[in-house]
Amino acid sequence: MSFDSILDWLNLNPEWFLLGVFLTAFSESLAIIGLIMPGAFLMFALMVMAGNQDFSLQAVLIWSFFGAVLGDAVSFYFGRTFKDRIPSFWPFNRNPQWLQQGQSFFDQHGGKSIFVGRFVGPVRPIIPMIAGMLAMPSGKFLAVNIISAVGWAICYVIPGYIIGAAMRLNISLPENFKTVFFTTIILLCGFIALAVWVYQNLHPDRSIYRYMKKLFTSNDTLESIWHKLSAPRQDDPSFPLPSLLTLLTCLTLFLGWVFWVDYASHPLFTDTTLLSLAKQLHSESAQTWLVALTMLGDPNLLYFCAGLFSLYLVIKRQYSVIILIAAVTGLSYVLVTVLKEAFELTRPEVLVTPFPGHSFPSGHTVGATVYFGLIASFMAQEVVTHRRWPLYLGAVILAFLVGISRVLLGVHWFSDVICGLLLGALIVSLARLIYSPFNQHSLTMKRYDLWLPIALAAGYAGYYWLEFENQLQRYIWLDFVTS
């Protein structure tokens with residue numbers, strides 16, 4: 001049976017479509033089947049069909065996610081069970097270089113290879129099996145497997161789904177959309193790759209750190225700054241070089257973006273392009289998910305969580321961190337207010353009841369970036385360096401989802417969100433740099449501190465239960481009323 005016939009059959013039998021998505025995601029993640037199966041092509045074709053036939057996006061995402069998680073899990077336990085016998089199995093006995101490439105990739109990237117490998121075609125189906133063969137801890141594998149599957153599902157599902165939906169709705173993409181889209185993707189990937197490379201070389205035993213230390217210690221004033229900003233902790237007395245470089249980078253990008261928005265005609269081309277797509281793809285089911293995401297950045301919720309965290313810090317007698325949180329909260333509010341009043345940019349006009357205040361920058365995005373960024377940075381300082389990336393990645397994903405939800409809900413332009421992300425990252429890096437001389441004690445949670453995550457979870461659940469319906473009513477679009 002050819003792939004075309006499979007797609008035709010699923011098109012005629014839509015009740016089996018979601019199972020087909022699950023089996024495809026599952027099969028392409030399996031160690032042997034995934035090597036010979038053009039899973040990426042089939043998944044893309046299925047997603048185009050899903051968008052064209054108006055299947056539920058959240059259902060497609062969920063079935064894809066579970067298929068990918070289960071496929072990698074089976075490959076992992078296959079590798080753990082058979083270990084040394086695998087090189088004698090077909091097709092590895094005829095292509096031993098596949099295992100060699102997979103093991104070399106795993107040796108180079110360690111636990112990160114599970115995440116990175118999911119997006120790298122040649123080694124994608126092999127890495128989980130290699131991890132099992134090398135006795136990677138099951139808990140660690142499962143955690144990275146789940147996190148990577150979330151990103152994989154989003155990256156594989158949404159582009160094809162949007163194309164299918166555009167075909168169904170007969171959407172004509174704005175002029176130069178493809179050029180802008182692919183240029184943005186290339187620049188974003190390049191920036192991420194550069195950031196990862198730089199971060200990997202900022203440890204005290206790496207070249208960039210040693211060079212910067214030599215540069216600072218060559219001058220008495222700079223040497224004094226180096227020692228004053230170095231953390232006094234016995235377990236990690238290093239200079240906060242990542243925070244300093246992040247601060248300088250974000251400050252440069254932030255100022256450049258602000259000047260560009262001020263110079264260019266508002267709204268920007270990217271702003272109107274994304275709003276045009278959001279209008280045409282808008283639906284009630286998407287609205288529900290977007291409101292749930294945007295509520296993660298609601299000020300009232302963030303203030304409540306900051307208060308709970310401050311109570312925890314009072315119990316721990318970490319008064320310097322409490323002062324830092326209060327200062328960061330005040331600084332965020334002041335900067336957002338000043339920028340909004342200084343630029344006076346109007347919001348998109350798509351809601352029945354327009355939001356008050358100006359558009360630039362997105363306050364929700366700033367708040368989410370600061371809150372999740374600080375939480376991730378405080379948690380990261382208590383783990384070894386090479387295990388910090390999932391925390392930072394999680395914070396970036398959450399902040400980005402809050403920001404993009406503001407665009408898709410029609411309350412902000414894309415340029416507002418970019419400014420919010422940069423401003424939030426700038427504030428977090430500044431806070432970490434200032435806090436470094438006071439970073440004397442560990443914030444590691446003990447067993448009796450579990451009340452904090454329980455209280456935070458209860459706070460989130462209670463806020464959603466009380467406010468979700470009210471929030472839905474705030475984001476009703478004009479076309480829902482007039483259609």
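Glycine is no exception: its Cβ is also placed from the backbone N, Cα and C atoms.
According to TrEMBL, the transmembrane segment annotation covers 16-49 (among others).
Per TrEMBL, transmembrane segment is recorded for 55-78 (among others).
TrEMBL lists 142-167 (among others) with the feature transmembrane segment.
The transmembrane segment feature in TrEMBL is assigned to 179-199 (among others).
Look at TrEMBL and you will find 239-260 (among others) tagged as transmembrane segment.
The transmembrane segment annotation in TrEMBL covers 289-314 (among others).
Under the heading transmembrane segment, TrEMBL lists 321-339 (among others).
The annotation domain 'Phosphatidic acid phosphatase type 2/haloperoxidase' is assigned in TrEMBL to 322-432.
Counting only same-chain residues 6+ beyond the ends of the transmembrane segment (359-379), those with a CB under 8 A from a CB of the stretch are 261, 294, 296-299, 302, 305-306, 309, 321, 325, 328, 332, 335-336, 339-340, 343, 345-348, 391-392, 394-395, 398-399, 402-403, 406, 412-413, 415-417, 419-421, 423-425, 427-428, 431-432, 443. Look at TrEMBL and you will find 359-379 (among others) tagged as transmembrane segment.
If you look up TrEMBL, you'll see 391-414 (among others) marked as transmembrane segment.
Beyond its flanks by at least six residues, the transmembrane segment (420-438) meets 228-232, 239-240, 243-244, 246-247, 250-251, 253-254, 257, 320-321, 324, 327-328, 331-332, 335-336, 339, 361-370, 373-374, 377, 399-400, 403 of its own chain at Cβ-Cβ distances under 8 Å. Summarising the annotation, TrEMBL assigns transmembrane segment to 420-438 (among others).
Using a Cβ-Cβ cut-off under 8 Å and counting only residues 6 or more beyond its ends in the same chain, the transmembrane segment (450-466) has close neighbours at 292, 295, 298, 300-301, 304-305, 308-309, 312. Under the heading transmembrane segment, TrEMBL lists 450-466 (among others).
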Whether the transmembrane segment (289-314) meets the transmembrane segment (142-167): three or more C-beta pairs under 8 angstroms: no
Sequence-remote partners of the transmembrane segment (55-78) [C-beta within less than 8 Å, at least six residues beyond its ends]: 14, 17-19, 21-31, 34, 43, 47, 86, 114, 118, 125-126, 128-129, 131-132, 136, 138, 141-142, 145-146, 149-150, 152-154, 156-158, 161, 285-286, 289
Selection from 142-167, 239-260, 321-339, the stretch that has most Cβ pairs under 8 A to the transmembrane segment (391-414): 142-167
Average pLDDT across the domain 'Phosphatidic acid phosphatase type 2/haloperoxidase' (322-432), rounded to a whole number: 86
